[in-house]
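Notes to accompany the following structure.
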Amino acid sequence: MSFLFIPRRTYSAALTAPFSCSNSQISYFARCGQIDRARQVFEQLPDKTVVSWNAIVAGYFQNNEPREARKLFDHMPERNTISWNGLISGYVKNGMTWEAREAFDKMPERNVVSWTAMLRGYVQEGMIEEAERLFSQMPVRNVVSWTVMIGGLIEDGRVDEALKLFYVMPVKDVVARTNMIGGLCYEGRLKEAREIFDEMPERNVVAWTTMINGYVIHNKVDLARKLFEVMPGKNEVTWTAMLMGYTRSGRIEEAAELFDAMPFQSAPACNEMIMGFGQDGQVTEARRVFDQMTEKDEVPWSSMIKVYERKGFELEALGLFRLMQLQGIRPNFPSMISTLSVCGSLATLNHGREVHAQLVRSLFDCDVYVCSVLITMYMKCGDLVNGKRVFDRFTSKDTVMWNSIITGYAQHGLGKEALQVFYDMVSSGVPPDEVTFIGVLSACSYTGRVKEGLQLFESMKSKYLVNPKTEHYSCVVDLLGRAGKLNEAMNLIRDMSVEADACVWGALLGACRIHNRLDMAEVVAKKLLLLEPENTGHYILLSNIYSSQGRWRDVAALRSNMRVQSLSKSPGCSWIEVEKKVHTFTGGDITSHPEHAVILRMVEKLDGLIIEVGYSPDGSFVLHDVEEEEKVHNLRHHSEKLAVAYGILKVPTGMPIRIMKNLRVCGDCHAAIKLIAKVTEREIVLRDANRFHHFKDGSCSCGDYW
């Protein structure tokens, strides 16, 4: 609203209007937030009545200026009960309960409005015991005071006491009954709530919706629908509550039917459908609902971004976040957190830094949870310096923050640093949890710290009271297996206190691959194929072992078995961020990239350079019985080599080349990238499915132990 509702030519007349009109003007301007104009009208009055004074005092309270309101109140030539009630109500609205009580105690006369205003103040501030004392002293109570007191008890979680008060309430209006229904529904006491609902002499839309919502939040969706069908008048809140019942219980088809039948598809209903479709994996349908919304604030944007993030559509999430900013929608907290998670998954460091800057500008960066997400993002992007910097900023760190930095160091193969942080965590008095031990045991595994890893595993239960789970056994099996202690690993599995799952056996099969233990690998593979017959990774690992020993007939048999079961190997895929755009490469498929010709020339150039310094292609990493020349061609077109070539072409000299791969880096590529880093004098950071590899000056941070 604005003052333009009153023509300029009549404004001066308004200042000298009859008193009743002027009082209305004071109230009007105050409601519009134009308290200075209200004051001007007040000051121009030749004779100020008590009504005028009351109006201007109330106006200052409405505009959150309680000191000026009190100053005017103290200058009033005369006051009535309404004046005092206005003072109390004004203080209550501004959260000044102590000042309200002081005024209440000084009142020459009190009526039921005075008592109820003070009662509301106590309830509003959660001071329920004070409210009860005041309520017991009230000489007269009206339906509002009873309703306020009942609502306060419900808010305090004292539903039984609220119910007792409700039953002795002399006259029950629709608000009191609806409040009681809501309180009982919240406690899951649906039968009692329904009895009150059924006994109501009249029901408004709020009462109906409260009862329907009660059924919904306790997953009684069919009962909610029955009530919904007989409800005489439904508003958008009712429709959305019913819709939520279907989406939250996973009944997405019924939700979609209800959504299509809605007379008006409100923004909350659209958000509910976006999240419902997303949870059900119907990402395209979620996007359809998003796109059909004519007006979108930050909530549907963040909902759609979250759907993309949770369902593995990282590039789409990043693209939508960019579009959101281009359209002038300010990112909210959930959208920034989802995008940070995506940046970590894709290793898109530049985007991650931008989101971090936005969090700082929005003053969200001081939140412990946000800092944990930031640490994880930086660590996953290979930026250990900034990850540690965020960690060090916080003096009071929670378990999640400690876990984030330990896991980050583990992924980078920094076992010594991970262990040091672990001991710092313990000495600071923060107890380690299950996630902590997964991180620290992984760190020991990746760096060959067998003795320290076993000691930590033994201390889990005895010293830190954390019961080992299959994830911890998997880490220790991996620790022993990488170190070549395969028999000890097998013995550990046999002595496990819990049933070994596919992760545990998978760790042992990986160790068999590293150490060419075909005898054990075949036994382990059979276990895995029984546990997870549709997991192609187990077939591929066993196939790798067969191919490394030239057992091509066995490789062919395994692949034939996969075809019979309609199983297919996930193709090796690598990606790199260049100028805020993610470029993806799939092994053997170079022509899909628009710059494939120049990339191929760089691959051939690099191949020649590293051959000069001793590189020899390792054909054992080609999983087919083909000619040597074809093996070399296949190796040259592995996805990580294509991404490295593109990085050398596009990433400015002096900046690290950061690459992601969806699978474990193969041994030939590992050897080749070490030499590429040497001959080009570039730092190359590769994150594969297991860990990070930092290549520099012809060596890797993993020490060839991965």
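Glycine is no exception: its Cβ is also placed from the backbone N, Cα and C atoms.
Sequence annotations record features per position, and here TrEMBL assigns domain 'DYW' to 614-706. Feature annotation from TrEMBL assigns repeat 'PPR' to 49-83, 111-145, 173-207, 235-269, 297-331, 398-432, 433-463.
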Range from 49-83, 111-145, 235-269 with the greatest count of C-beta pairs under 8 A to the repeat 'PPR' (297-331): 235-269
Spatial neighbours of the repeat 'PPR' (111-145) far in sequence, C-beta under 8 Å, 6+ residues away: 81, 84-85, 88-89, 91-92, 95, 97, 100-101, 104, 151-153, 155-156, 158, 169, 171-173, 176
Secondary structure composition of the repeat 'PPR' (173-207) [DSSP: H/G/I, E/B, coil]: 26 helix, 0 strand, 9 coil
Non-local residues, at least 6 beyond the ends, that sit with Cβ under 8 Å of the repeat 'PPR' (398-432): 368-369, 371-372, 375-376, 378-380, 382, 384, 387-388, 391, 438-440, 442-444, 446-449, 452, 464, 466, 687, 691-694, 701-703, 706
Tally of residues which DSSP labels helix, strand or coil - the repeat 'PPR' (111-145): 26 helix, 0 strand, 9 coil
Helix-strand-coil residue split for the repeat 'PPR' (235-269), DSSP-based: 26 helix, 0 strand, 9 coil
Arithmetic mean of per-residue pLDDT over the repeat 'PPR' (398-432): 94
